[in-house]
Every structure is written in structure tokens, then in C-alpha cells.
């Protein structure tokens, strides 16, 4: 029997604040599912690296980063860099939720918008833990400015998921829900693939474990023989679908994964004050990318 979905926005906007308290302690299953207004018509996924003007989209990619591959090369620490925390990150973190086209490429920077920090204030502790930036410095935004990592992801990708995703809250809470429900770190550990052990694992085995756990094939992006990203793909109704080979994942491509790969660990070089971020401005000023009509 098909169950009726709740009205759009009700389930997340009113139940999520309490669920977030659970997520901080026990991630799996803590967020409620987003509603969707459409579903993709084809299960075939497209690779490619082309950006296109927005004309809708066909499916999502949830890109997850393995921090060890990135953080082991960190040479500059700052308070916004998740690699510089006193305790190393031992789980996959979110890179972004990206609308994609079936025929290859993706839309970007689709709607001029001013990032509204007020819409995600309740999500901030969870974003800091599971969606941190792994670099110092600000990221480029769509219209000539620079801002924090989350602003970049929302402007570049989140604005292209309309009307399925309406605003900043929808975008970040949807990604957190998918990350929670399809817990890659937990699935790998259950299969005795323990990312911090320093061992080499067969790529085919990693892919098979995720496919068995979630019912769809992921894609991997590697750097120097180590897993840098693991990507899950979803229809527009948030059901898993197969990903396909990334454009740079062919032999000799820069993101090519060899037959056996590692999940490297790292030691933070500097203890940073991770309580600071885009929601904590020490001088009391509100940056332009965060201003709302109330702060102007």
C-alpha cells in the first residue's frame, strides 16, 4: 500500500529541531525524509564535467569526502578548517548535494540570491560536525564575491534544485537527511572495511558493499591511490539510483582509482577554535553575503 507523503515542509520544519538533538548523538535515522514534487524518468546516470545553464535537472549526487585524504596535505590551519580540530575526523563528511543532468554535466548558479543565515541557524552544530569545510580561506560565490563553504554550495548547487528544494533550509536539511539515512561510514564498517586502519581495500569490494547496503551503485573519486570522495546518486524523489563512471575516473585520469585503495588517517597539526564560523563574527559586523532584510 502506498503511503501518503506529508505536505511539503511540514515534516522537516517542525520535527527536525528535536531530531537534530538525536543526530548529534546517534546519526542514523535522526532526520525525517524530505518530500519531493517530481521523480526522474530514467535510472540511467550520466557522467561528465560540463556546467550548463539551468533548465531543470534529472537527479542528485550526494558527494561525500574522506577527510584523511584531504587533511593529510593540510599545511595551513585556521578556525574554519575542519582538518585542524583537536580530534581527527574519522567519518565521511559532506561535500555537497548536486543536481545533475542525465546526459552529462550539471546546472550551476541558477538563481541570484542572498544567503540567509537565519534559515539554517538551528542546523549549524550539525553542519559543523558533518559538513565542515576542509580548507582555509573563502570560496568563490556565483556572482563575483567570496564567502564560506556553505554559501558556495548553496549558491552554486542548491539554487539549481528548485522547485524540489525551495530555500537554504530545504537544501541543507535534505542533504543531512540523505547523509543520515544512507550512512556510508557505518555500512563500510559493518563490512569490516575500517577506514582508519591504513589497509588497502579492493575498489570492487567497496562498491559492492555500498550497492548491497543501499541498492544502488556509487562512484569513487581517488587521489594518489586513496579515496577522496564517495558519491551516492538519487532520483528526484530521493530514492537511490546507480551512479556512472566519473569523467576523470578513466585510467590516467586525475581522479582515477586503482584496483586497491586506502583510507588514510591524519594528525591535526594545530588545534583550532572550531566554535567560530559564519555564525560567529567577533567584530559584530554582518558580512554582506549573510545580510537579510532585517540586518540591512
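The backbone N, Cα and C atoms fix where each Cβ goes, and this holds for glycine too.
Heads up, TrEMBL stuff is auto-annotated, nobody curated it.
Remember, it's a predicted structure, so these values are computed and weren't measured experimentally.
According to TrEMBL:
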type	residues	note
SIGNAL	1-38	signal peptide
ACT_SITE	95	active site
ACT_SITE	153	active site
ACT_SITE	157	active site
REGION	275-296	region 'Disordered'
COMPBIAS	275-285	compositional bias 'Polar residues'
Length of the line joining the Cα atoms of residue 157 (active site) and residue 95 (active site), in Å: 11
Fewest other C-beta atoms within 10 angstroms, as judged across 95, 157, which are the active-site residues: 95
Cα distance (Å, whole number) from residue 95 (active site) to residue 153 (active site): 8
Local Cβ density at residue 153 (active site) - other Cβ atoms counted within 10 Å: 22
